[in-house]
Amino acid sequence: DSRGTQLHRALRKATILSVSARCKLSGYRCKRPKQCCNLSCGNYMCG
């Protein structure tokens, strides 16, 4: 239903904001290298 979709959309927006606001330290989950402080993302983990 639309309520679930809105919630999901808001959640995704918040996640994107948190990722762009500050980088992830080594050991955190990542999808792209630029999400990590050292720009290293291997095996879905910051290196």
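Any Cβ shown, glycine's included, is placed from N, Cα and C.
Annotation for CYS23 (disulfide bond): spatial neighbours GLN35, CYS36, CYS37, criterion Cβ-Cβ under 8 Å with sequence separation of six or more. Residues annotated as disulfide bond in Swiss-Prot, with similarity to another entry given as evidence: CYS23-CYS37 (among others).
The disulfide bond feature in Swiss-Prot is assigned to CYS30-CYS41 (among others); the stated evidence is similarity to another entry. Counting only same-chain residues six or more apart in sequence, the Cβ atoms lying under 8 angstroms from the Cβ of CYS30 (disulfide bond) belong to LYS24, CYS36, CYS41, TYR44, MET45, CYS46.
For CYS46 (disulfide bond), other Cβ atoms within 10 Å of its Cβ number 20. Residues or ranges marked as disulfide bond by Swiss-Prot: CYS36-CYS46 (among others).
Positions annotated as cysteine amide by Swiss-Prot: CYS46.
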Here the disulfide-bonded residues are CYS37, CYS41; which one has the lowest number of other Cβ atoms no more than 10 Å from its Cβ? CYS37
Provide the three-state secondary structure of CYS41 (disulfide bond) computed with DSSP. strand
